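Beneath this line is the structure, given in structure tokens, with notes to follow.
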Amino acid sequence: MTDWTLFFGHFHPLWVHLPIGILLLAALLELLSRYISGLEKGISLSLLAGAVAAGFSAWSGFLLASGGGYNTDTLFWHQWTGICVGLLALGAWLSRRRKALYVSRILLAGAVVFMSVAGHLGGSMTHGDTYLALPFGKKEAILAKKLPAEVDSIRLYADLVQPVLEARCASCHNGQKSNGDLDLSSEEGIRKGGRSGAAAVPGDEHKSELIRRIMLTPDKKAFMPANGQPPLTKTEIALLRWWIQSGMDFRKTVTEWKEPQRFVAATYLGMEAGEKREPRLPDVPEAPEAAVRKLTERGILIRPVKAGSHLLDISFASRRGTSPENLKEDLKLLAELKQQVFWLELSRCGLTDEAIRSLAGYPHLSRLILQRNSLTDNGISVLISLPELSFLNVSENLLTDQSIPALSGMKQLKKLYIWQTQVTETGRADLFRRRPDLATP
């Protein structure tokens, strides 16, 4: 495998969408041809173009797969269903040229079916095996997961460590897509390790590759999480280090450990490890049931930040890439929960300066993640109106040094991420001068 192989393989996400659009167009034209004449040439051209595009997609996918890191069974079926799409589309085109229209239609229908299967398998490898199934039955199980009512019943791995690994690592290191042959989504995978050796060595954090990589600076090639993702927080790193150093047990509850309290508070209440004050959450009324139901039906993850509290942790992870119209409707519904929103994640949602105005005045919002959107200096000033905002991630937005006055003016802000923006070193120095107490990892 060469660098050029992977370079061309990385075009697979581009090529893979072409046959989908083209063959769906061919199917639509085929349906319309029963009522509209003169579509035969368009259908033939679409079938041929779809077959060619499917061929390029299969070729680039083969190159991408050569880099490894994918579940072999899923990859096998994904490859062959994809190849079948191209062959069926080619067969449909040849049949139409021979005037065998009935055969052509059957083959086109088969291509659409195989294309759906290939797409599902590809999504499973890229995003995990539950990604495409979430809207069809598993969503409720995830949304219904609440914190244990009693601290004594909190399981260290399942309730504290595993959520960190799932949120920060499992998108690239799971049973379907295991970059570096490392699966961090299961106990078996963690114990097995990956291509670089043991990810976690029980009782020895210094020999644990996982700890070494998450503690590197983001400019290092081996830094994890990769692909421009923000570093783990001090709390998350401290939790993983402590869990590994303490023996990496997968079964114990927090009461069976000597010093679990600070991690329980930090994980569930958003406090950094080492803070001395007792966490105090504001009292708010229960969220409107109708608004919660509508948002969850749209795929938005809603869960309480703590057992017995009406404050909410809300994530738009499943809405990444949604249309501006859908996002506008989402934010309109979210406004009905203004009193209850405590943590909010809006990464990669296409959020603009106009859209972010809807967040003005959320009284209890303390943690806001806006990574990889289209926000500018003008839009960021709206966040000054958030009186309790203590954590803000605006990495990978269109911010410049002009945003420094607004950012430094957020008096409650304690931690700020501005990676991969247009803020210069001069701007960072100005921010530090204005707010020496503000942590900017």
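A Cβ is built for glycine as well, from the same backbone N, Cα and C atoms used for every other residue.
Among the features that TrEMBL reports, domain 'DUF2231' is placed at 11-126.
Residues or ranges marked as transmembrane segment in TrEMBL: 14-33 (among others). Within its own chain, the transmembrane segment (14-33) is flanked in space by residues 39-40, 42-43, 46-47, 49-51, 53-54, 56-57, 60-61, 82, 85-86, 89, 92, 105, 108-109, 111-112, 115, 119, 122, which lie at least six positions past its ends and keep a Cβ under 8 Å from the stretch.
Under the heading transmembrane segment, TrEMBL lists 45-65 (among others). Using a Cβ-Cβ cut-off under 8 Å and counting only residues 6 or more beyond its ends in the same chain, the transmembrane segment (45-65) has close neighbours at 5-6, 8-12, 15-16, 18-19, 22-23, 25-26, 29, 75, 78-79, 82-83, 85-87, 89-90, 92-93, 96, 104, 108, 111.
The transmembrane segment annotation in TrEMBL covers 77-94 (among others).
Positions annotated as transmembrane segment by TrEMBL: 106-125 (among others).
The domain 'Cytochrome C Planctomycete-type' annotation in TrEMBL covers 169-225.
For 178-205, the entry in TrEMBL reads region 'Disordered'.
Among residues of the same chain six or more beyond the transmembrane segment (77-94), those with a C-beta under 8 A of the stretch's C-beta atoms are 16, 19, 23, 26, 44, 47-48, 50-51, 54-55, 57-58, 61-62, 65, 103-105, 107-108, 110-111, 114-115, 117-118, 121-122, 125.
Secondary structure of the domain 'Cytochrome C Planctomycete-type' (169-225), assigned with DSSP and counted as helix (H, G, I), strand (E, B) and coil, comes to 18 helix, 5 strand, 34 coil.
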